[in-house]
Every structure is written in C-alpha cells, then in structure tokens.
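K.L.:
My questions will all concern the structure given below.
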Amino acid sequence: KLQGDIGRFGNVDLSDISGYAELPDGKVISGTETGTLLIWDGGLIRAVLVRPDGEGGAFKPCHKGMIEVVRFDNATKTISTTGADGHMRWWDYATVRDAEPEDDRIEVLIEPVKEAAIGDGAGGLCSVKSIITTEPDHWLVQDANGGIVRVAIGEGGELGESRQLTSFHGGCINGMDISAVSDHAVTAGSDGTVRLWAYAERREVYRSKFCAGATFVQMAPAYVDGSQRTVIAGFDDGVVRILLRCSDGFKIVDCFKPHNKRVTVAKFSPDGSVLATGSADGTVFFLAAKYPKSPPKAPKLPGVTLAPIGFAKAPGGVSALQWHENMKEHKLLVGCETGHAFEMKAPNWKPGQPDSVDSTITFEFEATATHYTFNRPRPTAMSIVESKYPPVGDERDAADAAEKAAIIEQKRVMALEAEQLQKELDEAERIAVYPVKHIGYVPFTGGNFELALGGEAAGKIWECQFGAKDPMRGTKTRQSALTITRASISGKLSVQAFEDGTVRVAPSRGKSYWVGVVHDGVYGSVTGAAVTRDDSFLLSTSSDGSFFVQKIGAGLLAERVPATDAEEVTSVAEDPTPAVEDITDPTKYSFEEEKIKLAEDIARAAAEEAKLGVRGYINKLRDDFQALLAENEARPPHERLPREAFEVDPGIREVVETETQGKMEMVKAEYAWLKERADLQLKRLKEFFLDPVESERVVLRSFGSGRRSFSVTSFRVAKFSDELRADIERCHTTELQRKTAGTGARAGLTPGKSFRKNAADEEEEEKVDPEAELMSHGKYAEKRAKRKAREAEWREFNATKPDPKYENPDDLAAIEEANRTRGDFKLKSEPDYVVPEEDQQFYDRKRRQMLLLEEAVHEIKMEFNRRFLALRAVRKSAVDDVHSSAKRIAEITVELDDADQPEGFEALSVLSEPFSATPLADEYPTEFRAAATDEELKAHDEEQKAAAAAASGGGDFGGFGGGGAKKEDKEDKE
C-alpha cells in the first residue's frame, strides 16, 4: 500500500508541477508553471526560489513559463532546470540547501551558477518538454513546438550546436484527409501548420505555417478537382484558405474570412457549385465556386475561387454538415454542438433569382428550416425501481390477508418512488445536451438521416426522420462518442473513430472487423481516420498530437485496389494558377463585418478629413492674423494702429460673449439636472442597499506583514423589518402571558402555609389580653410573646394533620393510571403511536422558536460588533500614540544633531518603517464611502469615455450608420 504526504501550497499560488527532483537531504525541489522553484520539506513549502531583479529586493522567476525538467547531479553538486523559455540554468546545491526565507516573505533570491540556451535548429529557442541525456556526447530534446532536437555536448559539459532531427505538430492535430490519386495525406494542427505527408515513405514532405491555429482540413472531392490537389483548410480566427498542393509547397489560391470564430466543417455541394462552411459562431456560410476554364470533356483544372452568397444562423455552434445528393432540392443537414439538428434549404447562388440572397445591406438571410428534436430512448423509472426490489407477485395470489397487504404496500412504495424518480429523470433529460458528432442522409429512405451524438446518447448511430417523435432505430457502436464514420475511397472498407482513441475498420460486406485503442484514452479523441486509396494503410490522428499509420492485413480485405501512379505536379513558381495574398491581420473583418463596417469607416474617414480641412483653414487665418499683429508692432509708434482697429465688427464680441454666457447657463442647468438625477439615484441605492443594514462589515488588520499578517472581520447585520419586529414583540408578550398564567394556576390549586398562618393571626388579633397590655414592657413580656408564638405555630401545624383514613384523589388517579399503562412502552415506529403534547410541533410554536432564535443571533452579532469596534478604537489610539512618539523622537534627533551617530542612526532606522497605520476603505466603510481620490475620479472618467465610445460604435458589427462620427461632428460644431 502506497503511503505518503500530500503537498500543501499554503499562501503560495497553486500551480501544476511537471519537473521535480529529490535532494540528498530528503527535501524535494520542483518547478511551477510561473517559472519559480519550490523547496518542499515534509509536504510543506520551505522556500520559493527566485532570481534578483535590480535593487530594493525586487525579483523575477527563475524561468519564463513552465519548468519542465529539474535534475540533480550528485557528481557536480548542481541542480539543472529548463522549460518553456528554452534556457538551461544550473544552481549550486549548497546554496539551495541552505536557502532560508525571512520572517515577512517566503521568497529567497538566488543566482544561477551558469546558463545556456537550447536552440531548435532553426534559429529560435526550444520550448523544452523533456530531455534524454543517456549519451555522453549529445542530448535529445523534445520541442513542445513540434520536433526532436539533437544538442551536442562538449567535453566540459557545455552545450553545442542544435540540429532538428524530426518535425511534427506541436499540440493537437485537428483534422486529417487523404488523397484519392496519390500516396499523400494532409493534416492541420493547433500550432497553425498544415502539413503534407508521404505516408508510404513515412516522411513529411513540407508544411506551411499560418497566423492562427488550423481547426479543419479536407481534400476537395474529385468532382471539384480531379487532380486532388485542392485543399480546404479552416482556422481558429474564422479564415478559410484554399491551398493548392505543389511539388515544393502549398500555394494559396484563395483566402477569405466568412466567420468570427473557429471553422469546424466545410462541404462542397454534390455538383461542386457551392461551398458551405460551419463555425463555432453558430452560422452556416454559403459561397459560390468559380473554376478556371478547362477544355471540353477534360477534367477540371486545379484551383477554385469562391464568392460570398450569404449566411444563416444556427441555434448553436455548427459541428456537422451534409448535402442532399439531389441538388434540385438544394437541402443540407446541419448539426450543432448544442444538440440541435435541422434541415435547411440553401439559397440560390445565381443573383436575380426568386430565392437568391439580397446582400446589398447584409449577407444574412432567413433560411427555411425543419428542426428535429431528439428524444433519447431510455428506461422508465418504474423499470429502474423494480430492478432494486425483489419480484412482487399479484395480490390476488396471496395466501392470506397479511401477505396481500404487504404486496399492496410494496407496490404503493414502488409507485411513489418511481414517480419521484421519473420527475428527476425528466428534469435531467430536459437540461441534458447531446452534441452532434455526425449527421448524414440515409440513402434510398426518402429523407431519413443518421445521427451520432455525444454525452449520454453516445454508443449508437440513430436513424431518425423529421416529424417522428422517437428515433426509428439505433445501431450499436461503442460506449464512447463517435467522431468519424466514413467509407474508404474504394468503398470496400468502412472506418469509425471514437473519442476514447479507438478506431474500428470493417469490410462493407461481412461481419469481420478490426478494432484497436490506437490513441490516448483520455486526451486522444480521434480527429481524423481514413483508409488509403489502395486499402493498404489505416491513417489516424487525434487531439493528443499523435499520427499513426498502420498496415491493413489480408484478414480484413483479400483483394486490394491496385494503386496507379500519380501525375507529377509542378512547383509553386511554375504552377499557372494565380496566387492571392494571405490574411495575416487578426483584426481583419469578416464578410459580414466588412459589409456593415466598411460604409461606417468610410463615413468616419470623410468626417475626419472634413474636420482637418476646417481646422486647417482656421489655423491659416490665425497665422495670418498673428503675422499682421507682428507687422503692426514692428512699425514706428506713430504708424501703429490701435488694437481695436483690428476688430472687423466691434459688436460681434458682445454677441459672442452673450451667446457664450447663454451656453454656459444652459450647461449649468443641464449639469444641475444631471446632479439632481444622480442624487436621486444615490438615494435609491442607499435606501435599497444601506438602509436595511444595521451594522456593516468591517475589516481589522494586524500590525504584522507578510506571512505573519492576518485580519479579522465583523458581522454584517441586517435590520429587522417592521413586520419581523412586531412578530418578535408579540412572541415576547405571548410568552410572558403563558408564564404568568401558569404561576397563577399553581397558586390557586395548592393552598400554602402562609394562607393558614394569616387566618390564625387574625384570630389572635381578636383576643386581647389586658394583663398582656400591662406587662407589654420588659423582659417578661418578651418571653411571654415568644411562648405565645410557639403555641400558635403548633396549633397551626396540628390543624394541617390529615385524617388517618383520608386518601388524596389525585394520588388515587395517578396510581390507577400507572396500573393501567404499566409495561406499555410504545415505539415511535408503531402505527398507533401518539406524540405527547409537550413534544408535538405546531406552526405557532416553531415560528415562536425561530423568531426567538433570530433575535438571539442578532443580539450576539451586535454584541460582537460593539466589542469589535471598541478594539478598532483601541488600535487607532495605539497607532496615534506610536506616530506621535515617532515624530517626537525624530524631532529630538534633529535637535541633538546626532543623526550620523550610531544611536541617532539606529533611532531613525527604526522609525523609517513604522507599522502600517493607513486606514483602508474596508476598515472604515461608513467614513470612506463618500470619499474619492483623484486617481479614482480619473479612472471613472476614462471608463465613461470608453463606454460612450463603445455605445457610439453600435453592436457586434460596429454599429449601423456611424453614430460615433455624428457625435464628433456635433461637438466640433459646438
């Protein structure tokens, strides 16, 4: 059994850990994703190692990014680390071992012994993932950007030249397709590369790097490009590129941006006239295809250009598309990541037709769609409940009444449980999402389609029909979700791939098949799987970045399709197909954004030009006027004109000043209205948020800093509402009445000694002894009074003596009740059990208890807050005393003029960093609520300006009509 301690980060930020090493003293050193080194001792962090960065105790991490490799060399007593930044650094073991943090910080500054850069063989640095150091003369380094690099090692251990041995995708492979005319495959990866592979030769032919991650790739079908050289690639930024495979690289023959998010799928119509693309932004875009002219009866020349037609919105991100084989109907199926599936009619790509898209203002059109709601077949709640209980027979076959009652009761319990379970199942089904993984028409069924879903609906391919409530049938596959299903180019084999990394190959006819877990079962969802043109190889790619090529044995397919030699292709420079410029700007507008924003940008640019023109003219007049004034000042005094002579219209100044004063008054009125509105809004906010609060939350911090610091808070207590306060008062009144009534009843039912004593006293008061009056003074009188009192007490006590034959009726009733109920101990589970009255729970009683508990909690919190605020006052007083003392010490030091002496220097150094006493907003929330600093006002002003600029820019597509330009024109006129 494994035993050990779990590391706890404590105050250190949580981080993934990849590289670590155990040190000889038992401690462990590990890297982090932020580039710092952690020293672990017994499951706790002892220190955080960082590098110094300038003066004043500033620091920086040991590496930039994740530290992947940490190794300890016992021979040299050094620790080597490297990671995503491509730098190898060596640290002295003794310095690391003796690293001890200070009291107020856990970071320890440390300098590396030496460092070196690990190149990637192409002029850059490796993003190191792992290193193999088994050979003395070289290392093998795995580059996270995609590659294996050989690094030469000198005799002294210094790093030498780096040379790349292999190259591959750095990250996920999001798509793969094969050629039907040559032994080539094309892949697309998250690293932004599209690569061509010669799978039979097990080598990469070439690759092209783009500015965004590639999310989709497909070879154009033969009816689009008979040479199979055209490649459609989609990217993260919504760009679609049409690439032409040449002998030495890809040639971009078309590049456009129909979407704003990643492109997930693209399909040509059966006649090749339209390309439909789907995206995670929830749109399906249609583009008309234009091909270069080719001779009659000759295959289409490579290359295709596309023009936008329009787009339709989908309920969610599009994940699957499939065209109907009959192009006369112009239909296609659409599947979404949100589980929606629908059939829509494609627009007419010929302008001027009745069902064509009018793209004068926007490319969006309302599509005619038929939606399908998937109803997953699932077991009923009763069947699930019945599986938990033993079989229940028919009550009519019961042997006796007891068995019949037991059967009926069990059925009743099962029915109630099934009813509750059914509600839970229905609710879970209502909120469940089954993303569409595959959708396609079923041939020769009149419109039926097959659907493969994720989530709980995975494991089957469902055949569905529009208008039907439930799926018609389901073909079992695997428990994991299906990601790919396709036939081989020859049609003799079919391939299925799944999210758990499994690939299944089976003949189109026959029951034999091959299935294998090819990729990682957790991170290796298969993104591409296909059988080559001659049915010899199985190719598969996955999100874990792996690309497998496997040879298909004769057990699956005895007869293979002979492979024909592919035609040689020209180079990029020699190919006659014209190239287009690539899109490298990440802010490039999509088709729709360009349509909407272009007019707005033109209008804004024209307005800016007009403003510059007016301003330039005004500046010219101003310069001319200043030149005239200068010339006038240069003349002799008798030739100078007075300043008033330069005023063309003397009365215009008064008119302008009057207008300006009127505008100022209007602005003041507007600001007065705005202030009144702000005051009303503030009043409403206070009434809603602050008035119901009786005591606010206050934070009180300790004098310490760093690891020794801590803070405590008071309770935020709400005021009792008038209704709640009235209920509590009624509760107290009721409780008082109940106690008073109980006391009075007990006093009336049980006669006491005091009652009888008072009666005897009254009798004594009636009998007056004359001798007693005469002898009422003196010692004799005192003794006689005591004797009389004792006699009276005895007479009273004897009067209470009961008759020997008397029996108390209450005692007789209690004895009789005890005899009647002797041995009758009813359990709470008994059907005839009656809860005692004192234990019964009623609405009034529970509400009274809840109200009293609410009041008690309120009082406890308020008492704590009162003591808390008193502590805050004590803290403030202590701070004020220390500050005044520190100020006085500084004044004494100045008067003595011994600041340079050891005593004065020590005194001033102690005062240079007094404990923190600056009150914060959360320490005095009421006092600081209305206060605002200049920085806060400036930040608020910038936020208001940014909000106004965003509002003037319109909606998602930047606004309609250039509202921002109009506002600027208005301000300029004013």
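The backbone N, Cα and C atoms fix where each Cβ goes, and this holds for glycine too.
So TrEMBL lists the following for this protein:
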- 166-207: repeat 'WD' (REPEAT)
- 256-284: repeat 'WD' (REPEAT)
- 399-431: coiled coil (COILED)
- 737-769: region 'Disordered' (REGION)
- 935-945: compositional bias 'Basic and acidic residues' (COMPBIAS)
- 935-974: region 'Disordered' (REGION)
- 952-964: compositional bias 'Gly residues' (COMPBIAS)
- 965-974: compositional bias 'Basic and acidic residues' (COMPBIAS)
K.L.:
Summarise the repeat 'WD' (166-207) by DSSP state, stating how many residues are helix, strand and coil.
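P.N.:
Summed over the repeat 'WD' (166-207), the classes give 0 helix, 23 strand, 19 coil.
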K.L.:
Same chain, outside the repeat 'WD' (256-284) by at least 6, Cβ under 8 Å from its Cβ: which residues?
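P.N.:
For the repeat 'WD' (256-284), the list is 213, 215-216, 218, 220-221, 223-224, 232, 234-240, 291, 306, 308-309, 311-325, 327, 332, 334, 336-337, 344, 346, 349, 367, 583, 588-591, 593.
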K.L.:
List, by number or range, the same-chain residues at least 6 past the repeat 'WD' (166-207) whose CB is under 8 A from its CB atoms?
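P.N.:
Result: 127, 143-148, 213-219, 222, 227-228, 231, 233-236, 243, 245, 248-250, 489, 527-530, 532-533, 537, 539-547, 549, 563-564, 566-567.
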K.L.:
Summarise the model confidence on the coiled coil (399-431) as a single mean pLDDT, whole number.
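P.N.:
Per the prediction, mean pLDDT sits at 86 for the coiled coil (399-431).
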K.L.:
For a three-state summary based on DSSP, what are the helix, strand and coil counts in the repeat 'WD' (256-284)?
P.N.:
0 helix, 15 strand, 14 coil
K.L.:
Per DSSP, how many helix, strand and coil residues does the compositional bias 'Basic and acidic residues' (935-945) have?
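P.N.:
Taking each residue of the compositional bias 'Basic and acidic residues' (935-945) in turn, the totals are 11 helix, 0 strand, 0 coil.
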